[in-house]
Amino acid sequence: MISKEDARIIVGILGNIISVSLFLSPLPTFYKIWKKKSVEQYSALPYLATFFNCGLWILYGLPMVKPNSTLVLTVNGTGFVIEIVYLSLFLIYSVPMKRLRLVAVVVAECFFLAALSLCVLLLVKRPKNRSDIVGSICMAGNIMMYAAPLSIMKLVITTKSVEFMPFFISFFSFINGLCWTTYALLKFDAFILVPNSIGSALGLAQLVIYASFYKSTQRILAERKAQGGEVDLAKIDAERNPNGNVLNGV
């Protein structure tokens, strides 16, 4: 009979594997960006949110904040490095205005992470209090990461296309949320349970949206191929919403 603690370790290892799969899931997207030398209508928000979220969970997983959280620390350390690579590629292949906004957001996130780390480690003495403070902020960061792919929903609904809504991010977000929800239930941890249960629901919602617009996307891609050219989805949105705002701020 497997003990609850052993089961938690097994689920945690599985969670690490799924989380790394989630972090690596945008690789086809970035291959496309590299090939075209342009980020096109892809949004940087999912990668900014994941970068920030991983930074928060690295702080949470430190022994002086939350002892015995090695699995949380390792997977988020890996994710943090991967997101730096993605954001670097976004920086290289973005237009100048997008590039400036991207740098500004990354600098703001790094400043917040550094300030939070110093305040928690220097001013808060008890590990329990440290984990409560950081864990509360981690919950918000984790929910933000899961919700970030929905930032492109205006483009999806307007153009009836999920071309710029990567499927694998949504799929692995759903699976990842389920796995870490199970991990948190085996040895109750509200800071892991709450955001990941919400994340699994958000991931499922994204998959439903993807399925709803999959056929129309294939039709648009077929029409584009038949025309022998590229269809600018931003132009389509501008034509349908002449008074609308910019779709992707970053």
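For all residues, glycine too, the Cβ spot is worked out from N, Cα and C.
What you see is a predicted model, and the numbers here were worked out from it, not measured in a lab.
Within the set 7-24, 25-42, the record from TrEMBL flags 7-24 under the feature transmembrane segment. Among the recorded stretches 71-96, 102-124, 164-186, 193-214, the one sharing the largest number of Cβ pairs closer than 8 Å with the transmembrane segment (7-24) is 164-186.
By the Cβ criterion (under 8 Å, sequence separation of 6 or more), the transmembrane segment (102-124) is not in contact with the transmembrane segment (164-186), since fewer than 3 such pairs are found.
With a cut-off of 8 Å between Cβ atoms, the residues of this chain six or more beyond the transmembrane segment (164-186) that come close are 4, 7-8, 11-12, 14-15, 18-19, 21-22, 25-26, 28-29, 40-43, 46, 146, 149, 152, 155-156, 192-193, 196-204, 206-207, 209-210, 233.
Residues 138-143, 145-147, 149-150, 153, 156, 160-162, 165, 167, 170-178, 180-181, 184-185 of the same chain, all 6+ positions outside the transmembrane segment (193-214), place their C-beta atoms under 8 angstroms from a C-beta of that stretch.
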